[in-house]
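Engineer: One structure is given below, represented as structure tokens, and several questions about it will come after.
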């Protein structure tokens, strides 16, 4: 009973296309170059699954709401002492003069907590969430391939870092344009540049903020390979984010602080100087790359050897 | 289907000394030598906790064996998982679904995870698989709204997304009503008739008897026996059952003729005919009648897989360790 006998195939598999005899399809498939199309199917599926998920949309909505709150507060709190913006570059004082500064204000406000928390949720859930629902075993026997699945999960988490940052920036720009005047931008170094250049610098700032999240994403993915509970992985990652921020604020721990992933986070403000001060920005990129390499390798080592018992 | 016809191995699943000891020290699978011939419907039996699921997970490359080897479709696992698994459909320990996705989107995602599957025919293959398990009408419904039986069907559909050489089905009729069970059994027979080898674990012995050509029995991590179902069932000695209004006399006569383990309950006398040099059952009946025993019925019962199973494992089928 050779299943490849012509015409012997079950009629249910007779779908449109060359299906009655499986051989031609297989040959056609073998001839097709392995480019986009089939190898990337999992990445597209993962992006769709992540970004159309209710939880993701809620997090993005919350992120988009932050600039609205800040913008409305600044607009209607017309008191004179706006300068008390606390730590970080004092963008908030500038918002009333130029709505573009709401972008920088909103990014500075969300980078310490909201953004890494959202990234921690997505990264922490990446593998552990699939394990918790049991779908991990079906992806692996499909076979997704462990390395491929891990890479797809990391790529999707990085995409989320960028989308989340752009959501904050985009919302801030819209609110800023609506509530405040837009115009020439006075940089932190005192020079004034045209609005277009200011917008370009805003895009660069958003990218710098997204890059700042690369380390958290890798850390979260590693944590995600350690457990079968999505909730535990998310909570652990978010807990680590908060712990690191606290450590970074304790003066006595100065010697370890350059190695904390949040150490250079506010370096994005250096993009608003003329000329741009690259040293901290580049240190940030290097540090995030280091985290990605270390925790990416750890995640790989763990995930490729782990027994999937759920 | 879907394999190169030139080098079809005759043995679809072959394990050699396959052993898994978990980190706690628990020996889940102990030197397993499993041989599943091509084209068979292979029943994998064993009480809960006997190591069936661990074995299936090792076969599919989800768990690394402590020692020993596994080959699927003639290729070593898990080394060649990427080449082997596209030809293997699997339902492992029940279905697992993305509740927030529709049934159709669930299948599309699993299909996308397979780098060898053709994206252009994906939609059609997904719909065919849904139709095959009777879920076409619920294709757009969110999977979290599915009943247990529907989830089980969706899990089966995932195994049927492509023509497969081997289907590994762990308790495929779990959660289904009797009608659904019949449908799935009919589907399994249909797939087997197409030449797909089916490796089926079940806790329902009559299910195994109904659909399987071969079976293996596991207990406490060890393989007790494997072979064609007919041989296994024949290996078990049946039980002689006599109903009579004269049970006392019947028991005496049977004992004289070498029947042992006799029990009497009301008009029912049961016992095991001698294993060596068994008497002709017709002579046994004649002897009863000659002694004045009025025989209402005289039969051998339970030359079934269940008898074989109980004889092999020394325990009932639903016993967990």
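Just so it is clear, glycine is given a Cβ too, placed from its N, Cα and C backbone atoms.
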Engineer: Which stretch does TrEMBL mark as region 'Disordered', out of A:1-37, A:38-74?
Structural biologist: A:1-37
Engineer: Quick test of the contact rule: Cβ under 8 Å, at least six residues beyond the ends. What residues does that give for the transmembrane segment (A:281-301)?
Structural biologist: 127, 147, 150, 154, 208, 211-219, 221-222, 224-225, 258-259, 261, 263-265, 267-268, 270-271
Engineer: In the same chain, which residue numbers or ranges, 6 or more beyond the ends of the transmembrane segment (A:199-223), come under 8 angstroms Cβ to Cβ?
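Structural biologist: Long-range Cβ neighbours of the transmembrane segment (A:199-223): 100, 103-104, 107, 111, 115-116, 119-120, 122-124, 126-128, 150, 153-154, 157-158, 160-162, 164-166, 168-169, 173, 185, 187, 193, 233-234, 236-237, 240-241, 261-262, 264-265, 267-268, 271-272, 281, 284-285, 287-292, 294-296, 298-299, 302.
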Engineer: Hey, would you say the transmembrane segment (A:57-76) packs against the transmembrane segment (A:230-250), going by three or more CB pairs under 8 A that are 6+ residues apart?
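Structural biologist: No, since the transmembrane segment (A:57-76) and the transmembrane segment (A:230-250) share fewer than 3 Cβ pairs closer than 8 Å, they do not count as touching.
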